[in-house]
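A.B. asks: Have a look at the structure that comes next, please.
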Amino acid sequence: MEVLEEDLTCPICCSLFDDPRVLPCSHNFCKKCLDGVLEENSRTMQWRPSSFKCPTCRKETPTMGVNGLQVNYLLKGIVEKYNKIKVSPKMPVCKEHSDQPLNIFCSTDLKLICGSCATTGEHKKHVFSSIGDAYIQEKSSLETLFQGVEEWNSKEVHSHLDTLESNKRKALHSLAKESDKVKAYFEKLQYLLEQKKNEILSDFETLKLAVMQAYDTEINKLHTVLSEQRKACNIVEDLKNISDPFMFLQQMQEFRDKMTFIKEAPLTTGQDVNVNPAMKEFDTSMWDSIKLGEVDKLSLPQDTTSKKEPGDAKTLHSLKPILVVACLILLLVTFLCAYPFIDSLPTFTIDLQVISSYFFTTTAKAANLTILFWEQLSEELLILKQRCQTYVSVFLENVAEFVCKYKL
């Protein structure tokens, strides 16, 4: 049909021929298309053209008006028949026998078949009907089938449908709850990982502080020695220009003091200060074997070469309030009791001398003995004060080291 339509198409308007006219060169065009060609020619030329060229072959054709051209009745009739065929519905064809129209109705199987199916196929011994008779028969059968559809009980289907939709909602709700659980699990895991990361990085900061404390002390000592050495060199340069004997001798004394300090200053060995020897073998790949539920076990390696430490971290954390309170009490006792009492002993001795003189005016010897006793007691208490200060300092240093070591 498409190939036929190409032959029935006007070359100018590319549509099916409408009142086709044939030129002397045998080419066909629509009447209205030729009118347009002639009108265009008359506009472009100052005088009336005596001929025009065929739009297809460019052959000259005498101008005698489109109405004077011969109508191609044969082509016009073919176009009209083609339009009727094109508008009419197409007859279905057989799927098993290509291009064979389904023009026979098998009354046995109640289906359309082609001639080949009726003679050679599985329908060979079936009962056949014409298309018209089959149409009437199936039309009456439609009413019977429609009544069966109306009488069909759909309540059971609706019941099953409601059950399925209810089960679907329950399943989706259950999946949503499980999805929320999974989301909460990973959010918790993410929180634990972030918390553990911050804890381990905090441990690294503690190690950095320990390294800085270990190295900075020795570095500062060496800087001090170098500074004193530069000062000593400056003193030597100044001594070369001093002519005053007294000033020279005074500067020489300062120079000898600095030289003594420089020579007696202890020099470090320059070796590495390993704060945590276990960190030498530290590798994050050792955490790969830890399960998700055991994220809390992630930690930096601990130094096992030091003194034995308490193993229960919870016990250490529980002692934190007690240690803090003990330190506060010790400081309070030290500063509120020791210092005011001991520092006031000399004044107390003088007051005691006055009181003794008042009560023992008749016995000067007893007063002198009493004053001597309290002077000796004051000396002993002053010695006790110094020792207490030393013990308190040592105790506070040990407490600070303990707190830093176990991160209380």
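From the backbone N, Cα and C atoms, a Cβ is placed for every residue, glycine too.
Taken from Swiss-Prot, the feature zinc finger applies to 10-58, 89-131, supported by sequence analysis. Per Swiss-Prot, Zn(2+) binding site is recorded for Cys94, His97, Cys117, His123, and the stated evidence type is sequence analysis. Residues annotated as transmembrane segment in Swiss-Prot, with sequence analysis given as evidence: 322-342.
How about a rundown of where these features are and what they're close to?
C.D. replies: Below 8 angstroms of C-beta separation, residues 137-138 of the same chain, each at least six residues beyond the ends of the zinc finger (89-131), sit close to that stretch.
In sequence order, Cys114, Ser116, Cys117 make up the list of same-chain residues 6 or more apart from His97 (Zn(2+) binding site) whose Cβ falls under 8 Å from its Cβ.
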A.B. asks: Kindly report the helix/strand/coil residue split of the zinc finger (89-131) according to DSSP, in that order.
C.D. replies: 7 helix, 10 strand, 26 coil
A.B. asks: May I ask which residues of the same chain, at least 6 positions away in sequence, place their Cβ under 8 angstroms from the Cβ of Cys94 (Zn(2+) binding site)?
C.D. replies: Gln100, Pro101, Leu102, Ile113, Cys114, Ser116, Cys117
A.B. asks: What number of additional C-beta atoms lies within 10 angstroms of the C-beta atom of His123 (Zn(2+) binding site)?
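C.D. replies: By my count, 19.
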A.B. asks: When the zinc finger (10-58) is classified with DSSP, how many of its residues are helical, how many are strand and how many are coil?
C.D. replies: 14 helix, 10 strand, 25 coil
A.B. asks: Can you tell me the mean pLDDT for the zinc finger (89-131)?
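C.D. replies: Taking every residue of the zinc finger (89-131) together, the mean pLDDT is 80.
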